[in-house]
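For reference, the structure discussed in these notes is given below.
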Amino acid sequence: MTILRVENVTKRFGGLVAVDDASLSVTPGSITGLIGPNGAGKTTLFTVISGFAAPTTGRVLFEERDITRVEAHERARMGIARTFQIVQPFATLSVVENIAVGAFLRHAARADALEEARRVAAEVGLTPMLDQPAKALTVAGRKRLELARALATGPRLLLLDEVLAGLNPSEIRDMIPVIRAIRARGVTILIVEHVMQAVMSLCDDIYVLAQGKLIAQGPPARIARDPHVVEAYLGHGAAQRLQAKAGQIGEAAHAERA
Amino acid sequence: MSARDLSTGFLPIVLVVALLALVPLFVTSNTILNFLVFTLIIALAAQGWNLLAGYGGQFSFGHAAFFGTGAYAAAILQVNLGVNAYVAFLVGIGLGALVGFVIGYLSFRSGLKGSYFALVTLAFAEVLRILANSAGFTGGAAGILIPLDVSAWNFQFESRGAYYWVALALVAAVLVLNRAIERARFGAQLVAVRENEAAARALGVDALSVKLKAIALSGAITAAAGGLYAQYFLYLDALIAYGPWISIEALLAPIVGGLGTVFGPLVGALALHGLSEASKLFVGEIPGIDLVIFGAVLILVVAFAPDGVMGVIGRVRRRLGGVSAKTSPASAAAPAPAPAPTREETPA
Ligand SMILES: Nc1ncnc2c1ncn2[C@@H]1O[C@H](COP(=O)(O)OP(=O)(O)O)[C@@H](O)[C@H]1O
Ligand SMILES: [Mg+2]
């Protein structure tokens, strides 16, 4: 059973093949990672999955239904929400109004949409900023707002594109439990992320994209050990560093649970 | 009632409209009433523009297309086909919505935005002007005259006060409609499309449908202004109905008054025309003086108060003691001042 299936998707921009015959599937209830060096095609693949661009060839299936030709807003209605790597706030609106736009998707009345927006704001830790204009938020605040808006649409599948990029280590530590909690209440997550500690500690399953091609798939421990991946992704000598990191995170996660 | 309701609720509308409704009881000067009726007609046309551009971020330079359609529908249906004036007025509103839908469908579906959209609307209005000027059933270059036949049944009134109340009632209805839209899902989605269309689509907003609804509604409102203009002045030609002057009036008032605010168009229209009338008292009738004033006011607003008079009022209130801010000050960039049009003398 899969919630999302990408079948042989290729996306060309003129002569450039941004995504090259990529296939992946996402298990319901999982946090699945999509990693790879800059320019690997991760955002482009998200763009195709969320309906903002059509693939040159290939198919996208959501809950076993072919949605390759379904428009972006329809996909949101079906239960696919995305965040943007480059945050796209409604700049002059307040935080709560930003989130309410998402909440209006499933709540016709303003009062209900605002209530849902406040609930979601609390979930991602934006409650103190509810009435601030979005443009007054810090980078960390804007990333949270991206997440909150997407979450307010009531998705079954959430696509997160580098929501941790630009955050400092303590902000990243704050966000990780938020993402876990979203999954814990049944939302499946596909996450693009450069912050390795986060990927290794969050994901059940990881796909690795390099130059448009999927080069590996597996649980974090295996991916971290896969010399192909490590060389392609981080360059020479990175394998050891990464394994050391994964070890630390494992210990930290244990400590957190205890 | 909380402070927030005071700035986002219906009470201010009731108060303002009630106050304005009293004016004809105290003002009997025909010149002043005439000025006020004309200003309310402009305000109504501007309310239509504000819905599409102020809230939806789709700047039109061609709202004359709607104004003229409403005006010609009112005149032609009465004069050529003997239709009742109110029916003609309503049909004009419907046609305004239809013209809006068609322009919207052709331009939004092909992804036109920003200045491209503005130029397309301008082109539509100009084409309609040229067609109206050459067609037979519009009266061509000679224009079209609605026969004077004063009776309430004909939508013609003895007193200017009656016209004033009709115009005010229409403006008031749109104020209420606007406020209701602000509080509805449609309003939230419209503003979201203005602020960031891609983000809106990602949140399930059907941007095309939202923009089409907005332009149809916008066209209907501005067409109502055109219909009312025809009933009041009883004469039209292509330059009055479809001329650039009304496209410019319709966009200037909200920009000066406050883009994407309920009161912006009304406040802007009153401020602009109030100033230009006042100037006549001081410098006399100099042809084109109103355009000079409009231009100067526009430059001042864009430079010093880009959120218009309503924005200034909001800031002053906040400074004076913190009545909470209104919901969504529009910050869409104002279009560059349009070149001064050659404007027909307003018949009066
Ligand atoms: N709209 C576009 N037009 C042309 N090239 C693009 C476009 N979007 C992305 N690309 C190119 O496709 C490649 C993959 O980009 P992207 O998907 O953003 O990578 P990633 O998110 O993995 O860093 C890059 O070489 C990028 O320059
Ligand atoms: Mg990217």
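Including glycine, each Cβ sits where the backbone N, Cα and C put it.
Whatever TrEMBL says is automated annotation, not expert-curated.
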Which listed span TrEMBL calls transmembrane segment, if the choices are B:137-155, B:194-212: B:137-155
Long-range neighbours of the transmembrane segment (B:85-108), counting only residues six or more past its ends (CB under 8 A): 58, 62, 65-66, 69-78, 116-117, 120-121, 124, 153-156, 208, 211-212, 214-224, 226-228, 231
Interface present between the transmembrane segment (B:248-271) and the transmembrane segment (B:59-79) (three or more C-beta pairs under 8 A): yes
Interface present between the transmembrane segment (B:162-181) and the transmembrane segment (B:7-26) (three or more C-beta pairs under 8 A): yes
Long-range environment of the transmembrane segment (B:162-181) - Cβ separation under 8 angstroms, sequence gap at least 6: 8-10, 13, 16-17, 20-21, 23-24, 33, 36-37, 40-41, 43-44, 47-48, 50-51, 55, 187, 190, 221, 224-225, 228, 231-232, 262-263, 266
Same-chain residues near the transmembrane segment (B:248-271), Cβ under 8 Å, at least 6 residues beyond its ends: 12-13, 16, 39-40, 42-43, 45-50, 53-55, 59-61, 63-64, 67, 171, 175, 178-179, 182, 191, 194, 222, 294, 297-298, 301-302, 307-311, 326, 328-332, 334-335, 338, 341
